[in-house]
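To keep things clear, I will list the structure first and then write my remarks on it.
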Amino acid sequence: MSVNELYTKFTRVWIPDPEEVWKGAEIIKDYKEGDPVLHLKLEDETTLEYQMGPKQNPLPFLRNPDILVGENDLTALSYLHEPAVLHNLRVRFLESNHIYTYCGIVLVAINPYEALQIYGEEVINAYSGQNMGDMDPHIFAVAEEAYKQMARDERNQSIIVSGESGAGKTVSAKYAMRFFATVGGSTNDTSVEEKVLASSPIMEAIGNAKTTRNDNSSRFGKYIQIGFSRHYHIIGANMRTYLLEKSRVVFQAEDERNYHIFYQLCASASLPEFKDLGLTSAEDFTYTSLGENIFIEGVNDAEDFRKTREAFTLLGIKDSSQSSIFKIVASILHLGNIQICSERDGESCRISRDDAHLQSFCKLLGVELQQMEHWLCHRKLVTASETYVKSMAAKQAVNARAALAKHIYARLFDWIVEHINKALQTASKQHSFIGVLDIYGFETFEVNSFEQFCINYANEKLQQQFNSHVFKLEQEEYMKEQIPWTLIDFHDNQPCIDLIEARLGILDLLDEECKVPKGTDQNWAQKLYKQHSSSAHFQKPRMSNVSFIVIHFADKVEYQCDGFLEKNRDTVYEEQINILKASQFQMVADLFLDKDDAPPSSKPSRVNVRALKPSPKAPNKEHRKSVGLQFRSSLHLLMDTLNATTPHYVRCIKPNDFKEAFSFDSRRAVQQLRACGVLETIRISAAGYPSRWTYLEFFSRYRVLMKRSDMTAADKKLVCKNLLETLIKEPDMFQFGKTKIFFRAGQVAYLEKLRADKFRSACIVIQKTVRGWLQRIRYRKIRRSALALQRFGRGYLARRYAEFLRLSRAALFCQKQYRMVRERRAYLRKRRAVVTIQAFTRGTLTRRIYWEFLLHHKAMIIQKNVRRWLQRRKFRHMRAAAVVIQGAFRCMRAKRQLKQLKIEARSAEHLKKLNTGMEMKIVQLQRKMDDQTKELKVQNEQLVTVNSTLGSEVCKLQKELEEARSHRSDGGRELQEELERLRRRLQEEVASREKLEEEHVSEKMELSQRVEELQEENALLKSQKEELNKQIQHQTTNSKVEVSSASLQSELDEERQRYQNLLKEFSRLEQRYDNLKEELSLNKFHPGHRRNPSNQSSLESDSNYPSVSTSEVGDTEDAVQLVDELGVEKAAMDIGLFLKLQKRVRELEQERKRLQVNLDKMEELARRKGPEPRSPVSEQESADLAYNNLKRQELESENKKLKNDLNELRKALSERAAPDGPSEPQDGYNLLLRQLKAANEELDARKEEVLILRTQIVSKAQQQENQNTEPDGGPDRNHDLTDYHGLTQSNKLLEAQLQSQSRKYQDELEALRTQTELLKEDLEKKQELLNYTAALSPEARVEYSVQQEITRLTDDNLDLKELVEKLEKNERKLKKQLRIYMKKVQELEAAAAAQSGSSRPELSRQVTVQRKEKDFEGMLEYSKEDEARLIKALITDVRPSSVSATVPCLPAYVLFMCIRHADHVNDDQKVESLLTSTINAIKKVLKKNNEDFEMISFWLANTSRLLHCLKQYSGDEAFMTQNSAKQNEHCLKNFDLAEYRQVLSDLSIQIYQQLVKVAEAFIQPMVVSAMLESESIPSLAGVKPMGYRNRSHSMDTEDGPTSYTLEALIRQLGQFHAVMQEHGLDPEIIGQVVRQLFSCINAVTLNNLLLRKDVCSWSTGMQLRYNTSQMEEWLRANNLFQSKAAATLEPIIQAAQLLQVKKKTTQDAEAICSLCTALSMQQIVKILNLYTPLNEFEERVTVSFIRNIQNRLQERNDPPQLLVDTKFTYPVLFPYTPSALSLDALHIPASLGIDFLVRV
């Protein structure tokens, strides 16, 4: 394309700028070739006339389209030049906060000066196994590429990390090593990867220091080789170091520090172990205070020193060696403080022997004080004939002291590196390695010396290797695609390297000048000027004769010659070294021991043998070898290593010099980009064909430029060729390869411009059509409106005329009706008046007649009531008098009789009269009857008299009534008054009667009323409490009940997850133990050693003795003592036997305590009762007491005996378990255990028999003693005493009943009062709680209520646990007592039967078992010898396919039927052995088939079914609610297998975790391709230009990358679901497995979305939403939607919606915040930063919009990590699922081969 076509209006360009380096502008007028001025508009809307011409500025660089800005790879840019690279890095760094960017094969890393959450283990897992171009740029991607190429190509790799000081080289290298340590972790227990990482703090302490540019600058270069085995696990490492900056030991510039180790040691000088070092603050030492600032902000030197010491220990460096290292470091500080005083002559100097620092230096290094003091001020001159000792001037002595300090530190540095390498080396053979080179970048300062010269020399060599490698890769790509190419001209810096290292180069001349006796820096400079003045890369400064300029590839550098010779010689006087060699400390002497001087034997000799005469000693070659020569040799060795490996480049960029977070200085960045070779990579790429597209990508992107006929063609390659030949006229601008199309720089931008023009013209057509359509719609709308207005106007006029006619007719009608109503109202008013007059007249007459009749009737009623009242009063008066007389008479007679009875009671003959007084009683009764007859006659007479009196009164009243009638008119008023008076008197009498009745009833019902009141109050309080509870519950439920329930559920899940994580860790440790055991058996270090089989079996099993709980093991002090005495390996053999004995002793001790408590209670009860007459009940209690005493004594003696036996057994076991001898077989221990158990049972039986016999003897003796103590007397006396005791007992019984009732009532009353008080307190608390919660905010109220509920549930849970433990303990105790009493009853019955003889039929209980023929009861019998066959047939050899046609979980049912039979015959050993063997066999099968999903699913189903069977048939009512009657009969009778249920539950959890792990391993490689990359909706995804990483040959394989579709993923999930259903796995567990797999799919998908910019687009969001909907449809089709699996997809659903929604306005921000609740703030911001428009019509998300989102989401308490944990597992819950299958109906096929089982 011509210039006229490129530089047109609206084209954007880059122009130079002195401040920002490059500034953006836009052309506002078309440019014609030859125009002197280019009219531009800057970004601030100002115009600029840019001068053009050959002597002026060239044409400015063109800007890339916005769609390409922010690309992951700089080579993906269409225009490859410096401003485009700089702008892309700036946008990524500042706007998207991306610190990594690819530039071809180089990873550019910009130091953010801020800790980023992108280096966690989840990020390592996300990048592991991924291709380099698939994910966003990252140091982990480079490390993964190196690791993958090492494994695939079997070729060593190197990662070269370079950059300026402070650019982040060390951190990048550290993260690369962390990746290798995580991905390639060692399989054994040597933890080499931990040692590799532990070397970092040591090397930072001794090799890093603070500079003006970096607080932790590496002052040396290092190359770490990480060795890998044949299986690509880390087996070792090796470190090489280059050019340690030794001058820093004795000199630091302002605001710089010495090496960290000095300050760390000074900061820890107060520790006790460092008191002898004589250290104080670092400010007190010369070598640490030259920089004037000994502190670094945010760094704790003491804490760093602790980490350094821990790293030393981890690497195996002994404490003594560490102490020596710290002494040497401290001695260097003391050496710097030694005062060297000049003499008067100025040519000599001296050191005071009293110098404390000199004494400390000699003491710490173990050298002689006098010699060191002498040779610090003198030197030896050796000639051919004589040897002279010459004094040194003070300045020379100071230089010599500095050289000695540097030499000591350098030797110490080399010694530490050597020992680190020894610690990182292993005996295993290294198969391959990956090298990490952390080396200094190109440096240029105001004053550049020898160190900068060596550093830049190394960078020249590395740049040459880098250029050749990039050129090689570029040409290989062209050859692979078979396109014609020519050699690319690239900058070759070989002339500059020859200037430095060739013959008579700078280094040669430097070494030559160093050999001259009086060589100086000035002479060397003159030689350089003379030799190299004609070189193109060498210049002499105009204003200086002691410096020179070297033109490096990056920049010109001026070097000052001062100090070059001294630093190159690195002179250390031999006399000082000899003193150090003679140190009394071996480590100090070894530091300075030359390789040639090493002793021949490995053991150092302490005797020094010296010759009589000193022989002339050859000069030391190491001392004579210059630093430059050493560095050149090591650099050549490094380059040979790098050339033999595949290099990977990381270039670290320092964005600013002020260490500000995310601040970008363009000038500093460009300077480093030029220096590190990034722009050279761009230039090489731009020189060829930098833009490359596959044919399919090109067709998808630019099909809009094709014709309709071309799009339907089958050969896409031919279509692309035809299109390009049509669009681009110059054939050299593109080339067609085998699989790709290659474009020159700028051609993709031209195609993008054509594509945009095509879209723009199409948009114009669409706009024209839409606008015409809108105008037609508007015209039609106006026409319809006009017609509607006309229609409504005409209708309105017609309606108004119709209304006038209607109103006229209505007026006439209203007049007619009004006149009629007026006349009718007048008539009705007159008629109502006449009727009213008639009614009042008739009413008056009728009321008069009525009142006359009413008065007459009332008079008759009054007379009747008065007469009745008078007669009743008279009768009551007479009856009351009779009752009083009768009462007085009867009282007098009763007193007489009582007096007589008292007199008779005192007489002796009263008892006889009790039996013979019946006649007197009859006479008394006859007299009483006569008296009653007389009284009846008297009462009859009195009644007649009263009747006559009442009759006379009635007559009198009748007369008075007649008189009253006659005088009614006169005395009506008096009669009315009398009536009122009688009424009042009657009311008073009634009131007095009611009062008496109330008083009587009140006395009787007072207590009952009080009780009722209390009950009512109690009910009221209860009702108030319930109302308050309801209010509280109502408030909490109205606030957020779902939040509380969710929090409780989450806490429960967390607890369950912690437990299952512990199980997972246990499985991992168990697997690790097995691996170590196998490795130990394979290695066989000791030929005579053989592992004990019993030890193996006990270690492989989870619980060989499941009856012993973990708490018992933990609480047993004797077990700890046994382990301490015998050791772990010896004590593990007999720990089960020991624990059983210990458990037996503990049970006996508990029984003894219980009996002691009962005895104390009974003694206290006896003391309270005092001396009372003995009764049969008390005799029985005494017998029980005696039995308990005997039982306690026997238990105490048995306890002591068992403890003695236990101690003897320990001694025997300790003697038998020899230290080196082989242990005995496990069968002997099992036999000993069975014998001991049988002996214990026999002993228990015998002890109980003895106790029963002794109890009987004691009770018989007590009975005889009672019989002997009875007094003699006749039968009458005994009879009288018996009667007397009977009466006494009956009286006491009645009294006791009354007292008990009274106490019971009092107790009830007190209980009610207490309950009332408690309810009042509870009510007050509830009221306070209600007031407190009402004052809180809704969020705090919810949180407070949740805490209260959690506290309540926790207390209830603890109470229930205590209650369960108490009930279980009581149950065991009652069972034991029941057995004892049963034996006691049987013995008593047998004794009674023996005494009664044969005359009495035997009534004792029959204990024989009657056998009868039964049907199959669901039990299978097997012999002990067939157990191995049973395990082999049901577990080891069984295959899921062999039992697929039978009942699901058939092996579990068969095993449980065998367990039932062992329980039926009460054989605990059989049950224990079968369950233990089953668990171990299942573990072995799963270990053997650890990647077989079908086998793992099969055994998960069987293990869970066996667990359900143990629960269903345990006899526990909680598990029997759904059982049938037949199933309840099949419950276990003798054993409680609760502990085995726990073991099986743990095993089920482990199998579940293994199943999930295998399933995730299947689907993880499919997730990214199926969910993000496959086109489920065809032609939806767009294509963008990709960079070098997406076209690198290192990713390509012969078959191409494996791609999966969504259908393949769903098909795999369907297979998993079908297998689990076929094996009969519980639906709840299947749902949990699917939920875990969906969680894995969500995590992998979301992590890849967060780490891939190419998939963060609108089309990917549409594709992802469609894929998730298909997954949800699969859940619904398989009835799994209720398993909460769909909820796990919510994050990626919201991520898909986030990619699709608008992202412009404030309303959009609010919608995003409310929409993305399942995503964290970091994830939302990351997706918005990664969002990439595929077309120029889409808009990028602005920075302001992202900041708005961040501000709105600040209130969220989101976790800091960005990625989702792919290893997160939900806690599994195995719900109880009973089986409806009856065991007796189970059919066992013959194919299982278990015909040796017998059906029972």
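Cβ atoms here come from the backbone N, Cα and C positions, even for glycine.
Here TrEMBL flags Gly163, Glu164, Ser165, Gly166, Ala167, Gly168, Lys169, Thr170 as ATP binding site. What TrEMBL records for 891-942, 1291-1391 is coiled coil. Positions annotated as compositional bias 'Polar residues' by TrEMBL: 1030-1050, 1093-1113, 1261-1270. The compositional bias 'Basic and acidic residues' annotation in TrEMBL covers 1274-1283. Summarising the annotation, TrEMBL assigns domain 'Myosin N-terminal SH3-like' to 8-60. Under the heading domain 'Myosin motor', TrEMBL lists 69-756. Summarising the annotation, TrEMBL assigns domain 'Dilute' to 1476-1755. Annotation source TrEMBL lists region 'Disordered' at 596-625, 1027-1052, 1080-1116, 1164-1183, 1261-1284. Annotated region 'Actin-binding' per TrEMBL: 635-657, in sequence order.
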Other parts of the chain folded back onto the region 'Actin-binding' (635-657), taken as Cβ under 8 Å at six or more residues beyond its ends: 89, 93, 103, 105-113, 139, 142, 145-146, 149, 153, 155-164, 166-169, 172, 176, 213, 223, 240, 242, 435, 437, 441, 457-458, 461-462, 465-466, 469, 663-665, 668-669, 672-673, 676-678
Among Ser165, Thr170 [binding-site residues], residue with fewest other Cβ within 10 Å: Ser165
Neighbours of Gly163, Glu164, Ser165, Gly166, Ala167, Gly168, Lys169, Thr170 excl. site residues, C-beta within 8 Å of centre, ATP: Asn111, Asn214, Ser217, Ser218, Gly441, Cys652, Lys654
Fewest Cβ neighbours within 10 Å, where candidates are the binding-site residues Gly163, Gly166, Gly168: Gly166
Long-range Cβ environment of Lys169 (ATP binding site), under 8 Å and at least 6 residues apart: Val161, Ser162, Gly163, Ser218, Asp438, Ile439, Tyr440, Gly441, Cys652
Sequence-distant neighbours of Ala167 (ATP binding site) in its chain (C-beta under 8 A, six or more apart): Ala109, Asn111, Gly441, Cys652, Ile653, Lys654, Gln672
Number of other Cβ atoms within 10 Å of the Cβ of Glu164 (ATP binding site) across all protein chains: 25
Composition by DSSP (helix, strand, coil) of residues within the domain 'Myosin N-terminal SH3-like' (8-60): 0 helix, 26 strand, 27 coil
Segment confidence, the domain 'Myosin N-terminal SH3-like' (8-60), expressed as mean pLDDT: 84
For the region 'Actin-binding' (635-657), the number of residues DSSP places in helix, strand and coil: 9 helix, 8 strand, 6 coil
